[in-house]
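Let me begin by presenting the structure, written as C-alpha cells, before commenting on it.
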Amino acid sequence: MQHKKTHMHIPMIFIVVSTLVLSVLSLADLEWEDKISINRGFSLFCYGLVFFTVLYHTLNNLLLRTSSGQRFIKTYKLSVGDVYDISNKIVSAIQALFCCLTGLTCCTYSCFRNILRTSHYISEAYAWFGAAYFLYDIWSMYKVHSMKILQATVNGDAKKSGVKFLNYLKTHAVIVGHHIFIGAFGFLVITYLRGGLGDCFFGFVYLMEASTPFVSLRGILSKIGLKSSNLYVVNGLVMLAVFFICRVAMFPGVIYLYSQSVDLDYFSAIESLPRGCKISILILLLPQIYWFFLMVKGASQVLKRKVTKKKTSKNVH
C-alpha cells in the first residue's frame, strides 16, 4: 500500500498534463478574434477545476510520499500543514504565470491594432479556465488552515479543534469574499460586460499577476527558514519593483494608451470614461496602493535589519 501511495503522483501528473492539453486542443479550431461559446467555456472551466485541484494534490504527494520530498521536509523541519501551504503557493504562482501568458498574448495582438475593438479569444478562454482557480483556492486555503488547526490539536492545544468547511467560510469571510468577487467580477467583465471593447486593456489586467510568483516565493522562503537570506531580500526587492510596475504604474499607463487611441489629452480621456469604468479603476487601484505601501514598509524593515546585523558583526570582529 505504501508503495502504491508513493507512486500516486504518476497518474496525477498524467491528469494534470491531460487537462492542460485538452484545454488547448478545445481552442484549436478558433480564429484569433472568435468568441468563446458557453458550452466551450464551461468545458474550459471544468478542465481548470480539475487541473488546479489535481496539481495541488500532486505537489502534496511529491513532498509527502517520495524520498526526495521526505528529505526536503526533514531538512527544513516542515509540518504537513507547511507542505500544504507550500503546495498552495506553488499552484498560485503557476496560475499567475498562465495569467501573464494570457496578458502578453492579448497585449501583443490587440494593442498594435484597433486598441478599442480588437479582441483575442484567449482572454475569454482563460477567463473561463482561470475562474475555476478561485473556487479551487478557497478549498485549498481551507485545507491548509484545517491541517494547521488539526496539528495544533494533536500537539495539545485544547482550545482548538477541527474546522468544518462552512465554519471556515464564516470565519474567513473577507478572503473568501475577495476570491468570489475577483473571480466572478473579472469573469463577467471579460466575457460579457465589456461591451465589445478590445482586449488590450484586459491584457494589462492579466499582467497584474506578474508579482504573484515573487509573493509566493517569499512565503516559501519564509516557511523554510530562509527569511534572513540574501535570496529573500533580492526576491523581495524584485517583487516590490514588479508590483509597482504591474499593479500601480500600469493604471496611468493604460489610461495614456486610451487617450492616444481616442485622440484626447490625458485628463480629458479620464473624463470621457464611463462612470462604471472609473469606479472599477478606483476599486482596483486603491487596494494596490495600500498593499504597495505595506510592502515598502516591510522591505525597509528587512533592509534595516540587514544593515544592523552587518554593523554588529563588524564591531564584533
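The backbone N, Cα and C atoms fix where each Cβ goes, glycine too.
Just so it is clear, the model here is predicted, and its values are computed rather than measured.
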Of 12-30, 88-106, the range TrEMBL labels transmembrane segment:
12-30
Let me know the model's mean pLDDT on the domain 'TLC' (81-304).
85
